[in-house]
Structure formats: structure tokens, C-alpha cells
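Comments concern the structure below.
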Amino acid sequence: MVLSGQHRHHNYTLLDGELNAEGQSPPAQHPSRRTPLARFVMLVTLAAATASLAIVSLANPLSTGQGKESQSCDSVFNGYQCRPEISHFWGQYSPYFSVPSEISTATPSFCKVTFAQILSRHGERDPTASKTKAYNATIQKLHSKVKTFSGPYAFLADYEYTLGADQLTLFGEKSMIHSGIQFYSRYENLAKTTTPFVRSSGEDRVIESAQNWTMGFHEAKVADRSTSHGDAGYPYSIVVIPETDGSNNTLNHGTCTNFENGPDTSGSAQSTWAALFIPPIQARLNAGMPGANLSVTDTIYMMDLCPFNTVANENGTISPFCDLFSKNEWHQYAYYETLGKYYGYSYGNPMGPTQGVGFVNELIARLTDTPVKDETSTNHTLDGNRGTFPLGRKLYADFSHDNTMTAIFAAMGLYNNSKPLSNTTLTEASRADGYSAGWTVPFAARAYVEKLQCLGQREELVRVIVNDRVVPLPQCECDGRGLCRLSKFISSMGFAKANGKWDQCFS
Ligand SMILES: *[C@@H]1O[C@H](CO)[C@@H](O)[C@H](O)[C@H]1NC(C)=O
Ligand SMILES: *[C@@H]1O[C@H](CO)[C@@H](O)[C@H](O)[C@H]1NC(C)=O
Ligand SMILES: *[C@@H]1O[C@H](CO)[C@@H](O)[C@H](O)[C@H]1NC(C)=O
Ligand SMILES: *[C@@H]1O[C@H](CO)[C@@H](O)[C@H](O)[C@H]1NC(C)=O
Ligand SMILES: *[C@@H]1O[C@H](CO)[C@@H](O)[C@H](O)[C@H]1NC(C)=O
Ligand SMILES: *[C@@H]1O[C@H](CO)[C@@H](O)[C@H](O)[C@H]1NC(C)=O
Ligand SMILES: *[C@@H]1O[C@H](CO)[C@@H](O)[C@H](O)[C@H]1NC(C)=O
Ligand SMILES: *[C@@H]1O[C@H](CO)[C@@H](O)[C@H](O)[C@H]1NC(C)=O
């Protein structure tokens, strides 16, 4: 189905009883609107009317690495670098930042990229609906119980809770535009002459992220003086896969019963860690705001309010909430978020990696130009159709959520060379095979899977780059640049090829 311009304010609201990607039930006060359209895959065409790009500082995006953009501490090519010693330690609530890489991310001079797949998280957003209610309640409680706010807490006297729910913030929209520009720039040789094939999971903020990304890609293409090809394919079609109950959607988990209803140890892992690091923070806040009586949960919410208020500002200006906590406390908080993802969706959950298998089997199909073989979460109708799952393309872009991306990385066997994460000892990403929520699934996270043709190599090579960090792939005997032979990479995907543990989903 192709939707034209006037439909662009679509609302594919979550259906009854469904969990959204952050695992929250939809709020009771926002009754679901069950649109018949949401039952189908939609080819959404971005209206030409939306193409009036208001990206002021990006007039010449391909040379802005050090240009005007550097006046701000957020930039197209390096992401969010404002107070990195704290802002890179907000777990999945960190604004996108370029993660340090031990291996150069530059394409080796003797290689050329022949294929690139981006798997992206949506951009910065407001808190989920249930969280926004809970944060507001914490603020109301403070206002009703604390007589005077002084010292570092003085700003709270006038602080009003105004955050929305679930949708991208303006900062988040811009960061997706930046991502599209960065992708164009990195893969310029392919992007000049090709249009990416785009799919998105069906929640509003994800679709909008996909649209903003295509805007950035398009803008960069039009601005590229080395090409006179224009961009006739724009606005690009987007295949939207619904998040409705029972939908086979490789970009959003939801159909493996024993995973969805199964034991989730992430909450218990997180509370074990919270019991260790929160009490001193809680005591300090309660002493500084007599009468507040914040609980452990309230204290975590006070920390959450730092990233959420920061990304609610169009320029990403650091919120005063951030200064209530020390650098060390932000590392502890980041680890709290890491434990949630690891025990919820990665190797810490016996059924976690299986939720990413469908996407990995689609990736194998694209890398090898052969039909999808999968008996997990793929939709055979979609994947068997050249319109909705074309093979042989050079650029693919998929838009998803942090939780499903975490499962996909695990299904690929990334970050699999470390012991189960401790619930009592902080383990930094650099000591956990590169794994943390902040390094893998910050807002606007972007993983690239590249194929390269290199001099002296008959076979194509594969490289994986997550948020600008080249991920070493020992499972396929990668070389010092992180490059594996395609055949070895594919054989290392045995877990996905065997459908993970999908056979345990319903028993
Ligand atoms: C926060 O809660 C107060 C009191 O219940 C309510 O009046 C206000 O509208 C809420 N604000 C937001 C942004 O939800
Ligand atoms: C992002 O995309 C949405 C949906 O297409 C559009 O309404 C919005 O204006 C875009 N944001 C920016 C900053 O252009
Ligand atoms: C698979 O995709 C088809 C085509 O969009 C759709 O009609 C069908 O409902 C989907 N089935 C599942 C189980 O997701
Ligand atoms: C962390 O806690 C979870 C939930 O209680 C538990 O399953 C897991 O084994 C713990 N991890 C370690 C390394 O002890
Ligand atoms: C503080 O809150 C706890 C619940 O979190 C409650 O049991 C206790 O009575 C409260 N103390 C005061 C002094 O309000
Ligand atoms: C963001 O920065 C621009 C340019 O410096 C400024 O005009 C605008 O007022 C700022 N917005 C906010 C909300 O601070
Ligand atoms: C959806 O997934 C289930 C479980 O793998 C499978 O049995 C079913 O055939 C799939 N439906 C479609 C339309 O592909
Ligand atoms: C991760 O490593 C374990 C232990 O070596 C192995 O059994 C498992 O199959 C690996 N997972 C994936 C998805 O490759």
C-alpha cells in the first residue's frame, strides 16, 4: 500500500495488551486507536511537502565535520560530545555519540565498500508514557513535601514537569537527519547512484526516525557536488512492519510466547545493583531536600530526568538535573542500564538472542543474495516478495528499537567474549568485550554491516561497525582491521541459521 502526502500524520498506535519496545504497557489514559491500516504493511511515501528542510547549520553537510557544527558540541560526524565524561554514561538514554574504536573505522585504502546495511534505533525521544507519569509523580511529590529548595537543588523550586510521551523530540529528529547525512557521506561511492531500501518498525517514533534519516541522506545527496545524478528516487518508499499483536516483525520482538511471558531476570539484576549504588545517592538527596523522602526508585528517576530533560532541549543543553550526580555515579547508572539490557535481551536472558534471529537471517539473505531461510519471526509473505524484500541491492536501512537491536547483536554473536555481567561489580564496556547499553543502543544508535572488495582478495570481506566502533569478529577469524571473509562470516552465524532456540518459544 502506498500512502501519499495527506496521510503522513499517520498514527499506528499500539494495540491493546501489547507491550511497547521499552517493555511498558500502553497507558490506560491513551486508548488505542486500532486503525485498519495498521494491520498491513505500508509503503509510506514521504510527502514532498515535508521536504522543506530546516537544517540551518548543514548547508554544506559534507564538509561540516569541523565547520559551523563544531560551535555546538553536537555534530553530524561525532555525535553528542557535550560533557562526554557524563553524557556517554546514560546507557540507552545517551544521545548518539561516536564510540572510541581500537580499529580505524576508515575503509582500508585497498578496499572498496560494495554493500552496506544500517540497523538504526530511533532518535532521542520523550520518556515512555508510563515513565512520564511516574517522573511527574516524583516531581509532584518533591514539590508537595519539600519546603525550600536550596544549593544545587534550587532549580527545582521552579522546575515544572513538561515532558511528553513516546515521541521523538526535535533534538531526536535532527539526530536522525545527521545519521542520514553521515551514512551518505560514509558510503558516498554507492549512495551517489543508488537509493537505500528502507524498512521501519511500525511505531510512530520509529517511522518518523526513518523519514528524518531519509531526509538527511537526500539532503547530502543533493548537496554532493561530485555527482550530477540528483535524487529522482526521493521521497523513498518505506516498508512499515506493524507492531500489532501477532505480527511477525524482525524489527520488533513480540511473538515468542515463552520470551514475552517468561521469567525476566533483568529487574532482579538491576535491583541487586541498585541496592549497592543508590543508597548513598538517595541519602544525599534526602538530606539536601529535607522532607523529600525519595525512594530508591525515585532516586533513579531523578537520574533519568537528566538525559530526558537534556534531549528535550532542541540544542541538547545539559539539564541541571545532571549536576546533582558525580561522574562516578553516572558510571554506576550506566551499568544499571547495561544490566537491564543484558539480562533482558542479550546473553543474560536464555531466550534473548533468539529474538534477533529473524533479522540476522534476513541479513544473511542480503549478504549472499539468496532467499531468506528462517522459521522464527520473519514474515514469509513479505520476505518472499521482491517489492517488500528485494535482494541484490547495495544499500539497506532498517529502523528499530533498543531492545530488539540488543537481541539482534546477540544473535549475531557480537560481544560474546565476556563472562556473564556481574550484578555487584561495575564492568566498563572496555572490559566487557565492548558491551554496554551506551556503546550499543544509545538514542539514534547505528550499526553498519559492510561488504568490501579488497585488492588481492578474491572473496568479499565483511566488517561490522557499531556507533563508529569496529567490532572485532574473532568468531570468523577477522584480521587486525576487523575484516572477515564472507563465507567465514556466514558460517559464524550458525545460531541464527539454526533458528536460535525458537523451538523453545511455545513449549
Ligand atoms: C503532572 O502532574 C500534574 C498533577 O497531577 C498535572 O497537573 C500535570 O498536567 C502533569 N504534567 C504532565 C506534563 O504530564
Ligand atoms: C522529521 O520527520 C517528520 C515526519 O516526516 C517531520 O514531520 C519533521 O518535520 C522532520 N523533522 C525535521 C527536523 O525536519
Ligand atoms: C505478513 O505480511 C502480510 C503482508 O503485509 C500481512 O498481510 C500479514 O498479516 C503478515 N502476517 C504476520 C503474521 O505478520
Ligand atoms: C545477576 O542476576 C540475575 C537475576 O537474579 C541472575 O540470573 C544472574 O545469574 C546474576 N548474574 C551473576 C553473574 O551472578
Ligand atoms: C518515606 O517513604 C516510605 C515509603 O517509601 C514510607 O514508608 C515512610 O513512612 C516515609 N517516611 C516519611 C517520614 O514520610
Ligand atoms: C538553540 O540554539 C539556537 C542557536 O544558537 C538558539 O537560537 C535557540 O534559541 C536555542 N534554543 C534553545 C531552546 O535553547
Ligand atoms: C509467522 O511466524 C510463525 C512462527 O515462526 C510462522 O509459523 C508463520 O508462518 C509466520 N507467518 C508468516 C505470514 O510468515
Ligand atoms: C556465544 O558464545 C557461546 C559460548 O562460546 C556459544 O555457545 C554461543 O553459541 C554463542 N552465541 C552466538 C549467538 O554465537
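One-based numbering along the chain as shown.
Here the Cβ of each residue, glycine as well, is placed from N, Cα and C on the backbone.
Automated prediction, rather than curation, is the source of TrEMBL annotations.
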Query: According to TrEMBL, which candidate among CYS73, CYS82, CYS111 shares a disulfide with CYS454?
result: CYS111
Query: Rounded to a whole number, how many Å is the Cα of CYS476 (disulfide bond) away from the Cα of CYS454 (disulfide bond)?
result: 17
Query: Cβ distance under 8 Å to CYS111 (disulfide bond), same chain, sequence separation 6 or more: which residues?
result: LEU452, GLN453, CYS454, LEU455, LEU461, LEU483
- prompt: C-alpha of ASP402 (active site, proton donor) to C-alpha of HIS122 (active site, nucleophile): distance in Å?
  reply: 8
Field: Proximal residue to CYS306 (disulfide bond) among recorded positions HIS122, CYS256, CYS484, CYS505 (C-alpha distance)
entry: HIS122
Query: When the Cα-Cα distance from CYS505 (disulfide bond) is computed for each of the recorded positions HIS122, CYS322, CYS484, which gives the smallest value?
result: HIS122
- prompt: Between the recorded positions HIS122, CYS256, CYS322, which lies closest to CYS484 (disulfide bond), Cα to Cα?
  reply: HIS122
- request: Write down the Cα-Cα distance for CYS256 (disulfide bond) and CYS322 (disulfide bond), rounded and given in Å.
  value: 38
